[in-house]
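Engineer: I'd like to ask some things about the structure below.
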Ligand SMILES: O=P(O)(O)OC[C@H](O)CO
């Protein structure tokens, strides 16, 4: 396995006249590869939620199924970090495709074997496994990004790539429903998106290449002429896991700050999203279909918001990440205040506030990842982003589900909103701690 995964070997340089056309063509190909590949991961990330109503009809309770679904957040958070360290020492082309194949096969198994959906324990284990394989998605995309795109274009390119998760998440439901229609059984919602994901994995393998050097090309720094003062050849050498962790990631205070900021950003992301249907119904009197629309708009408003945020970071703030993150989070705070304080009976204002939160929150979600990539050498990119993901999911997403419910039960929706507002403030504070030290071209 180690042999299969090891980073692609460097090849001798192409003749100078061939470098530019080859770089242009391959950058487009690898970008398409990681975009389609990550969208594919989202086809099988949450398609289990589509069969929850069917499982309730089989006799399972909501709380049991809630526990089962938390398996994905827990294992995904841990895996994004651990598999991030493995990914930094692996060929991104193989790693990204392999993770998607394993995740898809898990869901095919779940759909085809009656035993796999026969008990809470088996479902928990399978979804835990799926979450683990899902953790093989983000880090190799990060590795591809830092090897093929320079620091100054990363904000923009990452913001476009980040849309992949909205596209994949948005396509999952219609594909799952097509599975139900074509196969005439609810299990089709499990295995049909997984079969599509298997095809996506093959396309990903066909498109992605590990590094420019493995294609006979110079490093992106040499090609773009954007090498920073401290960039040198050692930045192109693969690192050991110990070096990645002890020399670059765990010792970097700034990474800890953005990981903590990410926990609060994810608490807002999932705290608003996951509780929107319940809050809008209970506190604002929304109907089921009105709630559905509000949820949909929240997700899709994230696309233009993310693109604008990446552009701002690259073009207005010259590759710095903290200013755009802080501005977006302060605006999220205002939108959350409106969403909370708007009296029932003004659904337009609630929808505008929710769309504003959706528009604004995905920018910081994306920029934390870019910021992590900026703070370490290229060969430690997946691990740095993985650490922020660990905090985002284990700290933010799990808290948003479990603890928010407890807070709302104990102190009502006001209590929940105090948590969300405090999270916005803390996200700003932890991001601000990186303000002075953030030098966008310090590492590549
Ligand atoms: O929550 P994740 O790990 O799927 O990441 C979502 C976005 O891609 C963050 O950039």
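These residue numbers are counts, starting from 1, taken along the chain as shown.
Backbone N, Cα and C atoms are what each Cβ position is placed from, and that goes for glycine too.
These figures come from a predicted structure and were not determined experimentally.
Features from TrEMBL:
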| type | residues | note |
| --- | --- | --- |
| TRANSMEM | 26-44 | transmembrane segment |
| DOMAIN | 26-439 | domain 'Major facilitator superfamily (MFS) profile' |
| TRANSMEM | 64-82 | transmembrane segment |
| TRANSMEM | 94-112 | transmembrane segment |
| TRANSMEM | 118-138 | transmembrane segment |
| TRANSMEM | 159-184 | transmembrane segment |
| TRANSMEM | 190-208 | transmembrane segment |
| TRANSMEM | 254-272 | transmembrane segment |
| TRANSMEM | 292-312 | transmembrane segment |
| TRANSMEM | 324-340 | transmembrane segment |
| TRANSMEM | 352-373 | transmembrane segment |
| TRANSMEM | 385-404 | transmembrane segment |
| TRANSMEM | 416-435 | transmembrane segment |
Engineer: Excluding the flanking five residues on each side, which residues at least 6 beyond the ends of the transmembrane segment (190-208) place their CB within less than 8 Å of a CB in that stretch?
Structural biologist: 29-30, 32-34, 36-37, 39-41, 43-44, 47-48, 50-51, 92-94, 96-97, 100-101, 103-108, 110-112, 117, 144, 172, 175-176, 178-180, 182-183
Engineer: Averaged over the whole of the domain 'Major facilitator superfamily (MFS) profile' (26-439), what is the pLDDT?
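Structural biologist: Averaged over the domain 'Major facilitator superfamily (MFS) profile' (26-439), the predicted model reaches a pLDDT of 90.
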Engineer: Applying the under-8 angstroms CB criterion, which one of 64-82, 94-112, 118-138, 254-272 scores highest with the transmembrane segment (324-340)?
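Structural biologist: So the stretch in question is 254-272.
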